[in-house]
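Over in TrEMBL, the protein carries these features:
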TRANSMEM  24-50  transmembrane segment
DOMAIN    40-233  domain 'G-protein coupled receptors family 1 profile'
TRANSMEM  57-78  transmembrane segment
TRANSMEM  90-108  transmembrane segment
TRANSMEM  176-196  transmembrane segment
TRANSMEM  202-227  transmembrane segment
Amino acid sequence: MENYSETSAEFILLGLFHPSSLDLFLLTLIVPIFLMALDGYLCMVLLILLDTQLHTPMYFLLSQLSLMDLIYICTIVPKMASGLLFRNKFISFIGCGVQCFFFAMLTGSEGPILMSMGYDHYVAICFHLHYPIHMNRRVCVLMILQSQAMGSVNSCAHTFYALRIPYCRSRTIKHFFCHVSSMLTLAWVDTCVYEYTVFFSAILFLVFPFLGILHSYGWVLLIVYCMSSWEGR
């Protein structure tokens, strides 16, 4: 294979299915689902923003999660739909980098946000008298900023590496959007060492938040069970 690493080159997104005869059928499925999801996330964010009774830590975190999901689908689906409609499978090098950045940033930020929501429920049930102290607006903002900062730093590192390595002349990505893992299969250099960093970052941003969520809801279930036992006595 020939080395071809100019940043002006384009990638080819094969999509979900290779036969182009299914493109119109997929488009009629994807566009309505995308519009319904877009409407749902926008309504969720606006409702929480406009209704003062929903200005609580739980709904504030929920609005941020909805906003992240909104950005997520807006990053991927429009390009995918335009490719199905106009039969244009090409995506620019910079466009591919933008998709990689937002995909890695949002997936890296969602885990800590979900862990923060689990912690909010844990404090509300297990330490309800101290809830206004432990979960105020300042704490929620710090949680969100920390989650987004961690996701952004992780995404910048992975995206920068993916855009800097040389690629083969064949730039066909067997996916419907660009992400780092799909781009590594086209790399001209050995990426074994880098793949270990991807593995460890996945542990950091997926496994640790999952364990934190299990810990929070484990205590919630235990407290609820104990309360039921005390009421039964």
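Quick reminder: no glycine exception, Cβ is built from N, Cα and C everywhere.
When averaged over the domain 'G-protein coupled receptors family 1 profile' (40-233), pLDDT in the model lands at 88. Between the transmembrane segment (57-78) and the stretches 24-50, 90-108, 176-196, 202-227, the greatest number of Cβ pairs separated by less than 8 Å involves 24-50.
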